[in-house]
Amino acid sequence: MENSEEVKIESTVVTEEPLISALDIALFVVIITVAYFWYFKRDKQSSSSEKKPYTIQPSSLSSIEQTSNSSFIKKLKSTGRSLVVFYGSQTGTAEEFAGRIAKEGARYKMKGMVADPEECDMADLVEMKEIQKSLAIFCIATYGEGDPTDNAMDFYEWLQNGDADLEGLNYAVFGLGNKTYEHYNEIAIYIDQRLEELGATRVHEIGLGDDDANIEDDFVSWKEKLWESVCSHYGIEETGEESNIRQYKLVDCSEVLPERIFSGEISRLKSYENQRFPFDVKNPYLSKIAVNRELHKSGDRSCMHIEFDIDGSKMRYDTGDHVAVYPKNSSELVDKIGELLNADLDAVFSLLNTDEESSKKHPFPCPCTYRTALTYYLDITSNPRTHIMKELIEYASDPKDQEKLKLMASSTPEGKKEFHEWILRDNRNIVHILEDLPSVKPDLDHLCELLPRLQCRYYSISSSPKVYPKSIHITAVLVNYTTPTNRVNKGVATNLLAQLIPTNDELPQPTIPIYIRRSQFRLPPKSQTPIIMIGPGTGLAPFRGFIQERDYARKEGREIGEMVLYFGCRKKDEDFIYENELQEYVANGTLTKLHLAFSRDQPEKKYVTHLLEQNADELWNIIGEKSGHLYVCGDARSMAKDVHSIIVKVVMEKGQMTNSQALNYVKKMEQQKRYSADVWS
C-alpha cells in the first residue's frame with residue numbers, strides 16, 4: 001500500500017534564490033525516468049507472461065499474487081462461497097482432509113474453498129460474519145513436541161498475541177496428532193478453545209485424529225457428524241448430489257518444449273541444474289553422497305552410516321537438527337502401474353485446477369511426464385484412504401470389484417472392518433489394489449489427482465558442525481518387510497539411499513535432494529552442564545553429534561560436564577553401532593558413563609529402561625542435585641513412555657515427593673528444556 005505525505009515548505013526563503021534549483025530538476029527527471037522504466041518493464045513482463053500457457057513455478061504464487069490474494073474474504077464474496085477450510089499441514093494429510101471437506105460442501109449448498117493460512121490475512125476472520133451462513137473449518141496438525149506446522153505458525157502466534165473480536169464467526173476444528181506423543185493434538189485443542197474465547201461460535205465439537213491408530217476412520221466419523229451439526233445449525237438439508245467431481249482437468253502438453261517440462265524438481269524448474277541459496281523445503285540442495293557404509297557387523301538387518309556433502313552450499317546446521325531427504329519411488333513399481341493401466345508413462349501432461357480462484361493451480365509441478373509424476377511427486381507405497389476407494393468404483397467393470405470398493409468406501413461397521421483388514425492389516429498400496437482388483441482401470445490422470453504427494457523423510461543428524469562443517473551424517477535402518485499377502489514392501493527413502501554408493505573413480509558421484517529442518521533438541525548453553533542421553537538403536541544418532549561437540553570443547557581446553565549415555569541393541573556382535581567411537585570417547589574422558597543393554601544376548605530380555613531403574617541414584621544426582629539435562633531419542637510408542645514413567649518414579653523416591661509433585665517437577669524440566677525428546681512412532 002502506498003502512503004502519501006504532505007511536504008511542508010519553510011516560509012523563510014533565502015533572498016533571490018529560486019524555489020526549485022537545477023539539482024532538484026535533475027533529481028526529478030532521474031526519478032521520473034526510473035519510475036517510467038520500471039513500469040514499462042513490469043508491463044512488458046506481464047504481457048509476455050500472459051502468452052505463456054504454463055508457469056515455471058506452478059506450486060507457488062509470486063509475491064505480487066500473494067499480496068493481492070491474501071484476502072480470502074474477498075475471494076469468498078466474489079465467488080459466492082460461504083465455506084473456507086484452512087489447513088495446517090506438515091506432511092500433506094491435513095491439506096488432503098481440507099480438500100475433501102471443501103469438496104463435500106456442495107452437497108450442503110455450501111460452496112467451499114481450501115486455504116493455506118500462511119498465504120492468508122487471518123485477521124480477515126473478523127469479517128466472516130458479513131457472509132450469510134458462512135463457516136470456517138480448521139484441519140490442524142500438531143507435530144514435534146506440541147508445535148504448530150510451519151504454515152500455521154503465523155496464525156498460531158496471531159491467536160496467542162491478538163484479541164480480535166470474532167463474534168459472528170462460525171467454526172469447527174479437526175486435529176491431526178499421534179497419541180504416542182505427549183502433546184497429543186495440542187495445537188488443534190488450543191485453536192478450538194482460543195476461537196471460542198475470542199467470541200466465535202463452535203458449530204461442531206472438535207475432532208481428534210490419532211495417526212497411531214486409524215486417523216482416516218477418526219476423520220470420516222467426525223466429518224459425518226460435522227455435516228449433521230451444520231445442517232442443524234443452518235437449517236439446511238443435504239442435496240444428495242455426489243461430490244465425485246474432478247478438481248483438476250487434464251491438459252495435453254505433448255507440444256510443450258522439453259526445457260519447459262519438470263523432471264522431478266520440487267518447485268522451481270531446472271532448480272537442480274541451477275542451484276540457488278537459500279535451500280529449504282521448496283528448494284532442496286542436491287547433495288553428493290560422500291560416504292555410505294554398513295554399521296551392522298552381521299545378521300540379516302542393515303543400518304547405514306551416510307554422509308551428505310554440503311561443501312560450498314552455504315548450508316549451516318546445529319547439533320540436534322534434522323535433515324530432510326527427498327526420495328523417489330522405485331522404477332519397478334512405477335512401471336507396474338503403467339503396465340496395469342496400459343498407459344504411456346512418457347506422455348507429457350498437466351493437471352489444471354478447475355477452480356480458477358484457487359491459489360493451487362496444480363497438484364504437483366506441471367507439465368511433466370506420467371513417469372516423473374509417479375516417480376517423484378506421488379505416494380504410491382502408502383495405504384490409500386477411503387475416498388480413493390470411492391473414486392475407483394466407477395472404473396471397476398466387474399460387479400464384484402465394484403461391490404468390494406463400495407463396501408470399503410462406506411462408513412458402515414462392515415465397511416470399516418473390510419477396509420481395516422484388506423487395506424491396513426494386509427498393507428496394500430495402490431499397486432496391490434490394481435493387481436488384486438484386475439477390472440479396476442482408472443484413467444491415469446485421475447489416479448495422479450487422487451494420490452497424495454510423496455513426502456520427504458526426516459532423519460536426526462548424527463554429527464556436529466564443529467567437527468564436520470562440510471558434511472551432514474545420518475544413521476538409517478534399511479526398511480524391508482513381508483506383508484500378510486507375501487509381498488515385500490520396501491522403505492522408499494532407505495532403499496534408495498542403499499543404492500547410492502560413492503565411487504573412487506572419476507565418475508559422477510550419486511546425489512540426492514536435502515534440506516535442513518531446525519530442531520529444539522539442543523545441548524545446554526553451558527558445556528559444564530551434566531547430561532544424560534537415552535538412545536537405543538538409531539536413537540543414538542543425535543547423541544553421536546552431542547558427544548562430538550563436547551569432545552571438541554574438551555580438546556579446546558574448555559571444561560565439560562558429565563555425559564552419561566544409555567544405549568541398547570539386540571546383540572553386541574551384530575548391531576552395536578559406532579562401538580569403537582563410543583569406547584574411544586569413554587577412554588579419553590568425554591563420555592563419563594556408557595550403560596549398555598543387549599536385549600538378546602541372554603535368556604531374559606534386557607533394555608535400557610531396566611538399566612535406568614537400576615541407576616536411580618546416578619539419575620537423580622544429575623537431574624535433581626546438579627540440575628542437569630535429560631534427553632530421549634527413539635521409539636515414542638513404548639520406550640519414551642517407559643522412560644518418562646521411570647523418571648517420575650525416580651523423582652518421587654529420590655526427591656521425596658508425592659506423585660503429583662514429581663509430575664510437576666518433570667513438567668517444569670520440560671518447560672525449562674531440561675527434559676527433551678526427539679521421538680517417532
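A Cβ is built for glycine as well, from the same backbone N, Cα and C atoms used for every other residue.
Annotation comment: TrEMBL describes 89-94, 141-144, 176-185, Asp211 as FMN binding site. The NADP(+) binding site annotation in TrEMBL covers Arg301, Thr538, Ser599, Arg600, Lys605, Lys606, Tyr607, Val608, Thr609, Asp642. The FAD binding site feature in TrEMBL is assigned to Arg457, Tyr458, Tyr459, Ser460, Thr475, Ala476, Val477, Tyr481, Gly491, Val492, Ala493, Thr494, Trp680. The annotation domain 'Flavodoxin-like' is assigned in TrEMBL to 83-227. Marked as domain 'FAD-binding FR-type' by TrEMBL: 282-524. According to TrEMBL, the feature transmembrane segment maps to 20-39.
With Val477 (FAD binding site) as the anchor, the candidate binding-site residues are Ser89, Ala141, Gly144, Asn178, Arg301, and the one with the nearest CA is Arg301. In the domain 'Flavodoxin-like' (83-227), the DSSP tally of helix, strand and coil residues is 65 helix, 35 strand, 45 coil.
When the binding-site residues Ser89, Asn178, Thr475, Ser599, Thr609 are compared by the number of other CB atoms within 10 angstroms of each CB, Ser599 has the fewest. Among the binding-site residues Ala141, Asn178, Tyr181, Arg457, Ala493, the residue whose Cα lies closest in space to that of Lys605 (NADP(+) binding site) is Tyr181.
Within the group of binding-site residues (Tyr459, Trp680), the Cβ with the highest number of other Cβ atoms inside 10 Å belongs to Tyr459. The C-beta environment of Arg301 (NADP(+) binding site), restricted to residues of the same chain at least 6 apart in sequence and closer than 8 Å, consists of Val477, Leu478, Glu574, Asp575. Confidence annotation: the domain 'FAD-binding FR-type' (282-524) carries a mean pLDDT of 96 in the model.
In this record, NADP(+) is bound by Arg301, Thr538, Ser599, Arg600, Lys605, Lys606, Tyr607, Val608, Thr609, Asp642; the longest C-alpha to C-alpha distance in that set is 26 Å. In this record, FAD is bound by Arg457, Tyr458, Tyr459, Ser460, Thr475, Ala476, Val477, Tyr481, Gly491, Val492, Ala493, Thr494, Trp680; the longest C-alpha to C-alpha distance in that set is 23 Å. Spatially, by CA atoms, the binding-site residues Arg457, Tyr459, Ala493, Ser599, Thr609 include one closest to Ala141 (FMN binding site), and that is Arg457.
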